[in-house]
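Listed features, source Swiss-Prot:
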type	residues	note
BINDING	Gly73, Thr76	Na(+) binding site
TRANSMEM	6-26	transmembrane segment
TRANSMEM	37-57	transmembrane segment
TRANSMEM	69-89	transmembrane segment
TRANSMEM	92-112	transmembrane segment
Amino acid sequence: MIRELLLIGVGGFFGAIFRYLISGIVPVKFGLPTGTLAVNLIGSFILGFLLYCSLFAPIPTEYKLFIGTGFCGALTTFSTFSYETFVLVDEGLLFKALLNILINVVGCLIMVYFGRVLALAIFR
């Protein structure tokens with residue numbers, strides 16, 4: 001168990017640093033946070049590639065923990081959401097995939113709003 005936690009932690013260390021660097025390098029375009037978009041897209045690609053490769057070839061658990069859970073987890077949680085949505089699509093559950101997208105996007109926006117409301121209530 002300690003080994004697995006270390007793999008996740010070290011992967012997360014590198015994922016967080018990569019997120020910081022990429023977010024700082026990519027300029028804001030069209031008034032949108034394109035740095036965040038960039039890391040979300042990169043993380044989604046990496047996790048999708050890793051997990052879909054594992055359907056066709058054995059990928060060691062250590063790689064999945066280090067790259068998938070650690071690196072991509074720190075880089076973005078959006079990668080897991082994207083992969084899970086495509087699993088629903090692959091299983092022919094298009095309605096559930098669309099519902100997953102709607103709930104995640106709208107739900108996360110609502111939670112940010114609630115966090116904002118709480119922070120303003122505390123610090124104003």
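Count begins at 1; order follows the chain as displayed.
Using the three backbone atoms N, Cα and C, a Cβ is placed for every residue, glycine included.
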Two-stretch contact, the transmembrane segment (6-26) and the transmembrane segment (92-112), at least three Cβ pairs under 8 Å: no
CB within-chain contacts under 8 A for Thr76 (Na(+) binding site), separation at least 6: Arg19, Val39, Asn40, Ile42, Gly43, Ser44
